[in-house]
Structures are given as C-alpha cells and as structure tokens.
Amino acid sequence: LDLSNCSLHDVPLELAEATTAMVLDLTENPLTTLPNGTFLGFTHLQLLAVPPELECPGGSHAWQEVTVNGSSRLCQDQRNPCNVSAEIAWPCPENSACAPDGPGLVQCLCDSPFHGYKCLREGTFPVLLFSGILGTATISLSLLLWGTQRRKAKTP
C-alpha cells in the first residue's frame, strides 16, 4: 500500500480497513505522530516505511530490523510479542493465550470452552436462558404499559 507523498498530516481513518497489508509506505508525508492503535490488527505487516523523524510503531523492539535510509525509516519483520524470551511474557489471564495484534500489540484469546471476562466462564453462552428472560421481561413490560396507558388514549 503506497501512501507516500500524499500530503498526509494525519493517518487516514480508512487505513484501519487495510489490516491485511504486508507492505506500507508512509514516507514523504508531513506526519508528526502515529497515534496509539493506528496499526491495531496489522498482523501481516512485514515492511513499514515512515518518515525518519517518526519511530516505528511499537518501538524498535517490535521489529526484527529498523534502519534509517535517507528520507525513510524502515521497520522490517514484526516480532511476535508473545514469544519474548529476554523480557517478561505478556500477562494473559488463566485459561487464555497471547496472540499478536499488530506491531508491539497483543490480545488475549480465551481457550475453548472458556469465555467472558478474564475467560472465567466455562462452557457456552446460555443463549436460550438469556433470550427467554429478555423476551419475558419485554412482553411483560409491554403488556403492563399497554394496559395502564390505553385508558388515557381513549379519553378526549
């Protein structure tokens, strides 16, 4: 994806839709910062070229190789932040696993059959019970309001 020399002052919001991009060139743009989360979901990104005054997203530790070459800083080959041997591993809760989510970004995915907040619930979501309670409450409230409000609608 070549966005070089497009006079971009900010990263376009539409860039979030290009998460499958493998090469991205943002050089020769008057960018001042790359906001946090700009490259969220860019797990396939292998080469990113940014203006030399900007740092690589996630820092230099998120990339195998960072080089400054003339008018660009090249960030090559994302490192998997979950496979860090020198530093402390990313703290995912019990019953979950760390997964990369872009340069220097991670997400914790629940192991099967766990789900919910901090992967503490086991089994599947109780769809039938949830739908039954929600439907019963909605119908009951509707009947109550219809019964109490229809008198007021008939009087002139």
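Glycine is treated like the rest: Cβ placed from N, Cα and C.
Note that the structure is a prediction, hence the values are computed from the model and not measured.
Features reported for this protein in TrEMBL:
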DOMAIN    108-119  domain 'EGF-like'
TRANSMEM  125-146  transmembrane segment
The answer for the domain 'EGF-like' (108-119), taking Cβ pairs under 8 Å and residues 6+ beyond its ends, is 90, 92-99, 125
Counting by DSSP secondary structure, give me helix, strand and coil numbers for the domain 'EGF-like' (108-119). 3 helix, 5 strand, 4 coil
To what whole number does the mean pLDDT across the domain 'EGF-like' (108-119) round? 90
